[in-house]
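Per Swiss-Prot, disulfide bond is recorded for Cys30-Cys62, Cys38-Cys52, Cys53-Cys88, Cys64-Cys95, and the stated evidence type is experimental evidence. Per Swiss-Prot, the feature signal peptide maps to 1-27.
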Amino acid sequence: MMRKLAVLVLAVAMVAACGGGVVGVAGAGCNAGQLTVCTGAIAGGARPTAACCSSLRAQQGCFCQFAKDPRYGRYVNSPNARKAVSSCGIALPTCH
């Protein structure tokens with residue numbers, strides 16, 4: 001699991017570096033690559049860092065888009081991701 005997550009984080013960073021991590025016009029400003037600072041929290045359930053919480057807040061409006069994206073959905077919807085969001089005091093949106 002940790003190896004898969006490490007590969008995903010690397011892939012997200014590479015996609016983001018190439019501009020592919022930015023979601024279309026409706027999601028202008030959405031960049032999954034900014035969430036790589038949350039790897040420890042999402043991968044191992046560690047307490048999220050201040051940088052992670054800041055990135056989660058900045059991308060909060062994008063959570064549903066990330067959850068629906070096949071590249072990120074299973075990680076965004078994971079129990080550890082939900083725990084990290086909650087630990088940062090961020091409300092989880094209801095996605096439709």
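Along the chain as shown, residues are numbered 1 onward.
Yeah, the Cβs are placed from backbone N, Cα and C, and that goes for glycine too.
In this structure the alpha carbons, written CA, of Cys95 (disulfide bond) and Cys62 (disulfide bond) are 10 Å apart. The disulfide-bonded residues listed here are Cys38, Cys53, Cys64, Cys95; among them, Cys38 has the most other Cβ atoms within 10 Å of its own Cβ.
Checking each of the disulfide-bonded residues Cys38, Cys52, Cys62 against Cys88 (disulfide bond) by C-alpha distance, the shortest gap belongs to Cys52.
Each residue contributes its Cα atom, and for Cys53 (disulfide bond) and Cys62 (disulfide bond) these two points are 14 Å apart. Annotation for the disulfide-bonded residues Cys52, Cys88: lowest Cβ count within 10 Å of the residue's own Cβ, Cys88.
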